[in-house]
Structure formats: C-alpha cells, structure tokens
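Trainee: My questions will all concern the structure given below.
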C-alpha cells in the first residue's frame, strides 16, 4: 500500500531529520502528525484587490477540512497583481509576469518542502494559469479552488461590472456621460469581494478548469460571498485527500483529451482571448503536444451557446443559477463535443460526473442555449495569420456586425501613446490602431489593452475601428481587436514595419491579418529596422524579457532554457 506521506517523509523520518522535526514542533506539530500526508494550501489571499480579498475564509476552510480528513495542512502565500488596478499603467507589465512568479512560488514550496499534495486557491486572472502550471509541473496530487465571482453592482437601475467603469471613461470624454454619472458608475461597479463578473479571464479559466477536471463541479461559477463557496472549498480539500490515497495526479487528469474538453467549454461560453495564451502555457507545463492551431480546430466545431458579457448579456452569477458549467458540458457531451472518458479529480469520469445533469437547459432561463439555437454557429476565438503575424494571433469575433475591416494604420509604439490619441479623439471611423512594442519581450510583459479598447467603445467606435497589438487584451475587451501578434515588434516581426497610413486588413472570416504593402517594400523596411534598446536592464521585467518565449508558444519562461 502506498504511504500517504511518501514525499514528506523525506524531511520527517530518521535520526538525521531531528532538526527538521524540531522546526515542525515549533509550529505546533505532534509526533503523530509525521505519518500524515502534508498538504500545501497555496493561499492567494490579498487585501490588494476584490478578486482576492475573500480568499482567507476559503483557505481556512481548506485547512479545517484537510485536518479533519487526516492530513496536515501547510498554508503558504502566493502573490497577486490586480489587473483592474494596474491596467493602463506601467504596473500592468507585471501582470503576465506574475503568472510565472505564481507558478514558480507554488513549485518552490511544494517541492522545496516535499509536500504530498496541494490545494491551490486563487482569484485574480493570473492566479488561475499560474496555479495550474504549478500543478502540472510538480505533478503532486492537487486541486484548484477558484475564489469565486463578484456579484453585479447597481446604479440607476442598471447592472454594472468593472468593464462598465472602463467604458464610462470613453463615454465621459466624448460627452456622452456626465461627471456625476461617471462617479456613480465608478463607485458602484464593484460591490464586494470576488473576481470580475463577466466571462472575463478569471471566470473563463475557472470554467475551463472545471471542464478540465481539476476543480469540483459547479465550483467555477459560485459567488465568493455566498456560503456555498466555503462549502465547496471544504469539499475540495476532502476530495484531494482521497486523490492522495488513490495517487491520482494532475497529469492523470490533464491530458490532450481533457485540454480539448476545456477549450471546447471556453468556446461554448464565449471566453477570454487570454485563455489561448494561458492554455499554451499550461500544456507546455504538462508537456502535452498542443499548438495555437489546435484552438482553431476546436473553434470550427464548437458553437457559442452561453450569452455572457463582455459581448453578450449575462454575468457568471446568472450562469450559475442557470445550471453552471455542468449544464454546458452536458449539452456538449450529448452531441459528441466532449470526451466523456476523461478522468476528473473526483475519481469519476466526465460522463459519470454529468450523469444526472439534464440534457436540456431549464426553460425559465435565457443564459444557456441549445445547440440548435446557438448565439454563434462556431466558436469566437479565431486564430488569424498573414504577413503581419505568420505565427498566428488571436481575435474575438462575437458581438461584431462586420468582422472585417480594411483601413489606414494609426501607429503607436506604446499603449500610453495610443491612449493619449484616443482620449484626444484623434482616432476616427475606419482607422486601424496599431499598438506595438508591447509584446512578451518588448513591453515587456504583454500589457492588456482594456483602457484603449474600452475608451474606443465608450466613444462609439467599437464597431468601426480596428486595433492590432503584440500585447494582450483583457477578458472584458470586445470589438474588432487582434492581439498576441507574433512575431512581436521587438524581435523584428512585421508589426514593427507598419508605417502610419499603411493599408491594413483584418478579416475574421478569412482568418487573415495583412499589411497591404508589396513584399519588396516590406523587405526594404526589414533591412533598415533596428532593434530598440531594452526598456529594462535589471530586475524582474528584465529577466522576463530575456526568458519569455513568443506569444504563440504561451510567453512562458522555461521553454528555451537549453537553447
């Protein structure tokens, strides 16, 4: 029989480990505890952001449940960066970098302390992939607990969320919103704890993790402030102890087939473009053969059947009341769009977990549709290629009346310069804004362009202006926007060669992104291009810029270490 403390006994057994045990006695351990599995609780609690401000009660619930199930809990902290607070500033360069820092920090504690399992608890966007990357890397029994979504805010009879505040900025600058109402939206958009409420990045990733089998059923759409979130966390910890007993590990669950399940659900719920980047990183950590083209393969066969913000109507709390991710998965499973034989952290297969879920969503809800009445017949996250991005880039094509545009390039070498032009109302109908040198290496850190895209939407230009960047977009972004352009400008990608006024085409139907300049002229510009000096030469951002892979491979830091 497998010993449940197979790893932790490396630091607790034998005469030579007397000093190690002394450290444990100092924090309240008793001799009987050294035969128990030692389970980490990676706690993302923080008073920095509402996304993480409600996590301590979940971490406490996990500790209590672990101890009650015969394990010994070891809580440690993981960092977080608030995208909503850093957005539009230099601080946003640390957001994607924090994904790597979170993965590294969890790996450090789990392996450095020989833990036998780990409960990862996170809230804000990069907590999600960072934690899952660590689970895939370490491959010790683990489970992901999402901190839960925020509830909607309210102002003058309207439901609000954080994107309402970003879009209000553009409405105010264009004279469409009063200063009083701007303040009203600002003060009521986020009413309490929990992650941003639409199908933005955090809720996209939590939904995907449930579909992946690494989180409990229904857990991904619960509100942080509801009692069921604490109860689900308790259950998650108990389930993890059972997984330790069964030696059920992340890589038994995270397989190519389960990744296909997760991406299918991302398409069905209308999830964030960031999911493409993050699942490239997760599959890299799990050593699964997965490329950016696999997203396009799945997009073509999975329709969008959930009507969610930012381009739709509803929030995660509405989805939860309508049946949650299990209802979405059951619809897909019945049509052969999911692999029912994939294992989950519960010890049951996907098909077994969904056995009692109705095949048809409730008639009294409007959030989840049936496959014969989808919002869109194909998925929404399209991979475009062309001379601007031969490696591929990502666009979200839901909510658009016309998913193609050809127009003059308005070129900016940073988000800040582009934002200044937008706020000064210098961008007009038909323009294509190009924001470059914001990629993994050039930014560094691939800032999210929620501020400029929301300002454009607020000014009424969301349908008539295109935007191309080697940076990223928030899960709250919608419009004719294309991100993750690779190769990026900093390494000499074609996006670096676009001149002000050049004709550029974005065509989501043809999956095309093209600089309409002849090859000879592009070659001439390429020969004259010189790489700019790095923006940082010391510290974390400099390290990330040095190590980061191309966006088409997830912008990870451990991919090319042997090159």
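Yeah, the Cβs are placed from backbone N, Cα and C, and that goes for glycine too.
Annotation source Swiss-Prot lists active site, proton acceptor at 474. Feature annotation from Swiss-Prot assigns [2Fe-2S] cluster binding site to 51, 124, 196. Taken from Swiss-Prot, the feature Mg(2+) binding site covers 83, 125, 126, 448, and the record attributes it to sequence analysis. Residues or ranges marked as N6-carboxylysine in Swiss-Prot (evidence: sequence analysis): 126.
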Trainee: How many whole Å apart are the CA atoms of residue 448 (Mg(2+) binding site) and residue 124 ([2Fe-2S] cluster binding site)?
Mentor: 14
Trainee: Measuring Cα to Cα, how many angstrom lie between residue 196 ([2Fe-2S] cluster binding site) and residue 83 (Mg(2+) binding site)?
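Mentor: Between the alpha carbons of residue 196 ([2Fe-2S] cluster binding site) and residue 83 (Mg(2+) binding site) there are 10 Å.
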Trainee: Find the shortest Cα-Cα separation between residue 474 (active site, proton acceptor) and the binding-site residues 124, 125, 126, and name the residue that gives it.
Mentor: 125
Trainee: Using Cα coordinates, what distance in whole Å links residue 124 ([2Fe-2S] cluster binding site) and residue 83 (Mg(2+) binding site)?
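Mentor: Here the two Cα atoms lie 8 Å apart.
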Trainee: Tell me the Cα distance separating residue 125 (Mg(2+) binding site) from residue 51 ([2Fe-2S] cluster binding site), rounded to the nearest angstrom.
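Mentor: That comes out at 9 Å between the alpha carbons.
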Trainee: Using all protein chains in view, find how many other C-beta atoms are within 10 Å of the C-beta of residue 83 (Mg(2+) binding site).
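Mentor: Looking across every protein chain shown, the total is 31.
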